[in-house]
Structure formats: C-alpha cells, structure tokens
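As recorded in TrEMBL:
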- Tyr60: active site, proton donor (ACT_SITE)
- His148: substrate binding site (BINDING)
- 27-317: domain 'NADP-dependent oxidoreductase' (DOMAIN)
- Lys88: site 'Lowers pKa of active site Tyr' (SITE)
Amino acid sequence: MAHATFTSEGQNMESFRLLSGHKIPAVGLGTWRSGSQAAHAVVTAIVEGGYRHIDTAWEYGDQREVGQGIKRAMHAGLERRDLFVTSKLWYTLILRKMINLSSPLMNVLVGTCLNKRCTELSPERVRPALQNTLKELQLEYLDLYLIHWPIRLREGASKPPKAGDVLDFDMEGVWREMENLSKDSLVRNIGVCNFTVTKLNKLLGFAELIPAVCQMEMHPGWRNDRILEFCKKNEIHVTAYSPLGSQEGGRDLIHDQTVDRIAKKLNKTPGQILVKWGLQRGTSVIPKSLNPERIKENIKVFDWVIPEQDFQALNSITDQKRVIDGEDLFVNKTEGPFRSVADLWDHED
C-alpha cells in the first residue's frame, strides 16, 4: 500500500513500506547513462522536483557525479535522512579502483581478495565494492543495495562473453555478505535486480533476510507479470526500471498510440501516464531523464488516477518484449553457459 507525505516543496509524495519498515519513495530518478550530467539531474530532481529517491549503480559509471549532486542538494538544506539512495553490486569491479581507500579494514579486505584470486565476483568482494560505492557517493550508508545481475563474470570479460567469461555464481555466499552489510548498518535494505522467479526461489530457500526489493524492467510494453505476482505473494517490493521504454531499445512507448491517446484524454504527458501506470500496479518507478522539465513533470503523478478502462488498455498492449535482455553482456550462442536470451531468463518469458 502506498503512503502519502509532502516534501518541503509541497509536492505530494507517495511511498511504499518495505519489509524492514523503511519507506521507499514511489518515484525516483534513474541515472543510467547520465554520465557527466548526472550531478545536475540529481540537483534538479531533489531541489526543484521534490524527488527523494535516487537510483544509481557502480556499472553506470556515474556514482561520483550522483554523489556530487546529492551533496549539493544537502547543502541547499536537505538532510540525509530525507533521501533514499539505491546502488548496485556489479561483478567485474576492478580492484585497483579500490586500492586507494585509506581504511585499514579496506586494506585487509582488498588484500584478502587479491590473495584469494577473486578478480571475479566472490563473497569477499562484496564489502569492498560497497565501500567503494559509499566513497564515490560521499555517503556513510545506502538505503538499498542490490545485486545487479545474478551472474558472475571473469575480470575483463568481453561483450558478448567469450568461452570461460561467465563463471559459477555463489549466490548464497554473496547474499550472506549482503546480509552482513545490513547487520553492520552499512545498508538499510538489500535486494536483487534482474532475477527470475527460479532464481528468487533459490534465494528464498537460504536467505535469512528476505530481499526487500526486486528491481526489474517493467512498462506496458513489458509487463513482466510473472515476477510481479511472485514478489507480491512473497511481500517483496518491486521497483520498475525503464518505465518509459526506450527509443534506442526499440520500445518507444512515449510515442505509442495507446499511451498518446490516454495522455491527451487526461491532459497529461506520455511520461506521466507511463509512470502512473507503474504506480497503479503497486511498484515504485525510476524514470530517467536529463531534461529539467521532464524530470519535474515525471513526478507530478500523485493527485490523479488513470481510469480503469484506460489502465486496462495499457495492460493490453501487444508485442511484449524487453528493452534490456542481457544478450550482449552474458550470452555466448556457441559456448554458453547461456546460449540464448531464453537461457538467461530461465525460459520464463
């Protein structure tokens, strides 16, 4: 159930309560491919738009810029406790990026990782990876830390991967370390991203802390109903990424005829319709934009609803397909272990 509050700018802001008791703001700013413009986008979102939820990841390469934006927003009068910041654990984090961390604990952890030859993802890497993320973001803790993909890659893996680039993934060992981060108050919530029902079932079989959040691609062009229903059944909150689809990915929902028709009918932008659709499904949503006006428009979705008939029309959009299918990252059609996108997603699509 969504809960409503107001930001200091007077913006009505809904949130969802997680299993931990913490609240995740219903709309956040996505920062994938924001690059050097991420800092300005974050400041615009927080200070001008009233956003309180910022999503980033080590793999995006913009955590420093996101951290700069957060710091500037806090200098404008915002307190850290008012923000919900998410980042994600990646699998080929280069250790030399972490060597300069000054903490004695970090020296021990990095040394241990090097001695154990964990140049690929292993449980020993989880804490150093988080410490690197906190340093780049200039934060003392994260509100949410996610396993970005349930896959382990060899350091220096090619795109697409060559034979031997995709390795066995110690899901239980990595999750235990994620749980330890939570116990040590370095992260308030832990979760997953790009999991299948099969992999979530496996995780739930040994998890001491149930994932608070499962972040997945979701929009009317890829409803992802199966994982959504599974998460609801298990009280795992879902955050929808790529909620606007993607022109580059061949799913341009901003210009979809159904979306456009409903937007004109309700006197809203197509982006607002797509964000609101996600909220009415019970998910938080993290639209990405670098346009200041679009950033501010995308969060103005809390004082109206999409009528049921129009909501069902959005639910009925055909030609369902992912924007982010992971093929370039993880599929090797001859050597495997994932020889197709269907293999990667456990043949659940």
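Cβ coordinates are placed from backbone N, Cα and C, and glycine is handled just like the others.
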Enumerate same-chain residues with a sequence separation of six or more from Lys88 (site 'Lowers pKa of active site Tyr') and a Cβ-Cβ distance below 8 A; give 'none' if the list is empty. Thr56, Ala57, Trp58, Glu59, Tyr145, Leu146, Ile147, His148, Cys193
Name, in the order they occur in the sequence, the residues of the same chain whose CB lies under 8 A from the CB of Tyr60 (active site, proton donor) and which sit 6 or more residues away. Thr31, Trp32, Arg33, Ser34
